[in-house]
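> Starting off with a structure, shown below.
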């Protein structure tokens, strides 16, 4: 990787770990946590959930990543996109624009305003946001790539799986398989794409709540990254974890529990298939990355570019991908078999409003082996769209 991109990856690993620290700190104090939960409204509301929550942790993480990356790479200013609006209302109903300031005391003062004057909470958060945290990764630092930070844009999902983060069921990931719900489903996702083509070229995934620490009270996390550009395909995830006990020799399909019955029935009819369910779009794609399931299928347009960009880059590094389900089905009808219709990340749906401009509206199919696309598409033919 030209040193600029190697430095960018190292910085993203570090800011993702800082983000994980913010996520953990925001859960430690119950009264603070209650104060942090806000409901999304209007065009920022994701239609899939009756109540879709925005947390201060979300907004802080997004703005911290934006601040830290632009400070080191000013050429990325204007090309760092996130899920969250950075406008926040405090308990007095005052609107505050959340941002990370150059000086710690200014960030503390701004956060104290958001937190209704709670100086202790504001100081605690500021300390985490402004810490100088460096993640060392020799493989990441030695990569060579023929593009520079000026060629790319970034998608941030500060906490993918917000509902699981808020509900906070303290399930640990099992030694085999995955968590269908709970804190491990909440991820920090940072995806990097080429401005020219929208192709995902780099992804960082941080899982703040992977397992409990030795005291059994706090949490430890883990991170994974991948780079895929030209001849370079490198992923930090090398060893597949033991598969789910329920994963048989046939096709294991991961779905959202709210998936349409017609889709569930059609996929269940594939010989030797097994259907499984988990929370969080990013976490479901991570399960595919880790080889815990064969494929993740979603027929609805309820995920967004920020959900899929980071894990998509990891899958590409491993030879897989994330494709537009509707486009794959259209390709089959038109006889263009083998067309993978991979998602791109640079162009909005200009006719849409708010978050819908960046929806993966044809549904998605995430896979390590592209031959699975034909099996899934054949099973769903005539059943959806």
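Just so it is clear, glycine is given a Cβ too, placed from its N, Cα and C backbone atoms.
Caution: TrEMBL annotation is automatic and unverified by curators.
If you look up TrEMBL, you'll see 83, 157, 159, 160, 307 marked as Mg(2+) binding site. Residues or ranges marked as signal peptide by TrEMBL: 1-20.
Looking at the shown structure, what environment does each listed feature sit in?
Note on residue 160 (Mg(2+) binding site): other Cβ atoms within 10 Å of its Cβ, all shown chains, come to 31.
Residues 61, 64-65, 68-69, 72-73, 128-129, 131, 133-135, 137, 140-149, 152, 158, 188, 190, 192, 202, 204-208, 221, 223, 225, 227, 232 of the same chain, all 6+ positions outside the signal peptide (1-20), place their C-beta atoms under 8 angstroms from a C-beta of that stretch.
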> With every protein chain in view, what's the tally of Cβ atoms within 10 Å of the Cβ of residue 159 (Mg(2+) binding site), excluding that atom itself?
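Looking across every protein chain shown, the total is 31.
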> Residue 307 (Mg(2+) binding site) has how many other Cβ neighbours within 10 Å of its own Cβ?
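Step by step: centre on the Cβ of residue 307 (Mg(2+) binding site), count other Cβ atoms within 10 Å, giving 30.
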> Please compare the binding-site residues 83, 157 by how many other CB atoms fall within 10 Å of each one's CB, and tell me which has the fewest.
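Lowest Cβ count within 10 Å among the binding-site residues (83, 157) is 83.
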